[in-house]
Amino acid sequence: MTTDLPGPPRERVPSLLRPGARVFVAGHRGLVGSAVVRRLTADGHEVVTRGRDRLDLRDAERTAAFLRGIRPDAVVLAAARVGGIMANSTYPVQFIEDNLRIQLSVIAGAHAAGTERLLFLGSSCIYPKHAPQPIPESALLTGPLEPTNEAYALAKIAGIVQTQSYRRQYGASYISAMPTNLYGPGDSFDLETSHVLPALIRRFHEARESGAPALTLWGSGNPRREFLHVDDLAAACVLLLERYDDDAPVNVGCGDDLTIRELAAMVADVTAYQGETRWDTGKPDGTPRKLLDVSRLTSLGFAPRIPLKEGIAETYSWWLRQRAA
Ligand SMILES: NC(=O)c1ccc[n+]([C@@H]2O[C@H](COP(=O)([O-])OP(=O)(O)OC[C@H]3O[C@@H](n4cnc5c(N)ncnc54)[C@H](OP(=O)(O)O)[C@@H]3O)[C@@H](O)[C@H]2O)c1
């Protein structure tokens, strides 16, 4: 399994993040935040975190006071209210308000504390529903959003415009990344809230455990999706903090996609499920394809290191260990 953390070769380009920089990672217990902490720590930076139990990032005054106290060189904003279609459609108020409030607190608080670098995490799911494929960064705000996550997407778009505004008005080196579908250790395997990959891992594992002769999955299996291991995302985040200083957000993906049917076959193999996989074509498929154009990131020297099948096997082992603990 992956023991050394992936990352691009460090060329001799002056870094915008000084060695041993103090970095506040907001959302450090989450899938993204925990991977960013691992990467920054491995690179020798001083990582500062604060659990939600001690600091609710929606509280602007307390967040500003905290940031004034620690005076970080950089902030990675990976704290957010995140969820699937069901949660997004049931709680749109929390999705728009919590995210707007977290962003207002953290970005304004970081600027007031003199923080030089800030990386805001957007998402590929905030591009217009009918964006061209692969999706270029320029597609942002060019068309209607997916209605089921409009409240979340609008909050995230506001976060991107907020970072751009600090750059325009104050010259702040604040940037945004747009990750594709992520997976890896730290992911949620709760079938009510999980994304497609952990859900598949769990369902195939349970089908094997119960000796089920067949497993039925939703849809035709034909939609194409892109997946990136969260350790590769974390490497990209640090690369962006070191080398990227521009207004435009940067897509973060692996530049390749596969059908859900191919993904399911990979997961069946990793979980050693021998039964048949069936497809319930009466269920909706969603967007036929979602792939990011990653040429901007690639031009900075990024290449993902973790092949999908290896990453799935590692994530599966992590989940089995969590269950056993
Ligand atoms: N996962 C993906 O596939 C994906 C893809 C594209 C973009 N992203 C983006 O990456 C970012 C992080 O996503 P994730 O998947 O890592 O989410 P996650 O696993 O749910 O983590 C979110 C983190 O935010 C923290 N948080 C939420 N509300 C908070 C509050 N009021 N005060 C303090 N902390 C709070 C949570 O704290 P607790 O641990 O206490 O709950 C958690 O640690 C999001 O902006 C998301 O849009 C994720």
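Heads up, the Cβ atoms here are built off N, Cα and C, so glycines get one too.
The model shown is predicted, which means the values in this text are computed figures rather than measured ones.
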Further substrate ligand in TrEMBL, beside Arg203, Trp218, Arg225, within candidate set Asp73, Asp98, Asp285, Asp293: Asp285
Neighbourhood of ligand 1 - recorded positions from Cys125, Tyr152, Arg203, Trp218, Arg225, Asp285 with Cβ under 6 Å: none
Spatial neighbours, same chain, of Arg203 (substrate binding site) - Cβ under 8 Å, 6+ residues apart: Leu191, Leu215, Leu217
Cβ neighbours within the same chain of Leu182 (NADP(+) binding site) - under 8 Å, at least six residues apart: Leu31, Val32, Phe227, Leu228, His229, Val230, Leu233
Confidence summary for the domain 'NAD-dependent epimerase/dehydratase' (23-253), mean pLDDT rounded: 96
Under 8 Å by Cβ from Asp285 (substrate binding site), counting only residues of that chain that are 6 or more apart: Gly219, Ser220, Asn222, Pro223
